[in-house]
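Take a look at the structure below.
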């Protein structure tokens, strides 16, 4: 399933454009240095000195961070000082190698530059102290967002996995059996194409009313599917249920489907309304989009979700625009009908004249008894 197929506003994963821009910058700087006419040895000397200063400065910054982490070594690092040091300074082998190389080039080039050692060390300490106290090297919001997405630190990532493991993975495997049981008692109400799926509504503004008729009066509650129960987290016979809704168009019934909102969106909305969460409306919109994308990725690889659910992602227009939720759902239902019809047309095999003109062949197996026609007996 391609990215942003559900809604055009859902962002794609970040690529390598920052590295490409850095490569272009590298080429431009090399051309500029070549145009200035400086000797390569002179440029290399100061470049190595600058890189060595950066590495020593990062070591000083890590030591300052270690002073704080040592106060939490028992609660955060299971009483392991080694883990606390690695969290602040990184891999010891890499850190030691960079430190040795940096010190070697730093002290050898410093002598040629004629700069006193105490002055340069004091300058390094001063610069790092100002960076920490004044926050001069804070990450940009885009960098923080990229790190959180890459390391799966987002609120949306946890909500998507919780929704899948705690709900969808439990109800989707038995959904078709429950729909069949419902159809037997209600004259095949859900017998249409696409009606065997769970349709999950995803409003990107996270506005999730408890009653769907409040969102659109053309959505009318019809029945409940047969309940499903399971022992879950110490709760015996926990009940899971799904609702069936009838969709009206021009006052007449136009469709029936199993429908419901993605409940974690209520959590995102409540967080944006509670000042203690520190969650702005912009954060809510970003996390809602990432939640939808993450859930889409999860369901794409989940065998129990294949053809059993459909995500309906929409964003209501601002004031002055017209939007009908019932029409959006009907559009998806009709699209499902077209997809199923086209799929069945492609899979149907029409025998060609050359095939029909061949002489019939008898395929005789070496087994003494004929095999049954049903393969699921084995």
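For all residues, glycine too, the Cβ spot is worked out from N, Cα and C.
Membrane topology from Swiss-Prot places residue 44 together with residue 108 on one side. Between the listed ranges 77-91, 92-106, 137-151, Swiss-Prot ties the annotation transmembrane segment to 92-106. Per Swiss-Prot, the range carrying the annotation transmembrane segment out of 45-69, 170-194 is 45-69.
Closest to residue 236 (ubiquitin cross-link) in space, going by CA atoms and restricting to the binding-site residues 162, 167, 263, is 167. Take the CB of residue 150 (ubiquitin cross-link) and look out to 10 A: across all protein chains shown you find 10 other CB atoms. Figure note: comparing Cβ neighbours within 10 Å for the recorded positions 88, 91, 239, the maximum is reached by 88. Residues 167, 238, 263 make up the record's 2',3'-cUAMP site, and a Cβ search at 8 Å around their centroid adds 166, 170, 171, 240 from the same chain. Counting residues per DSSP class in helix, strand and coil order gives 7 helix, 0 strand, 3 coil for the topological domain 'Lumenal' (35-44).
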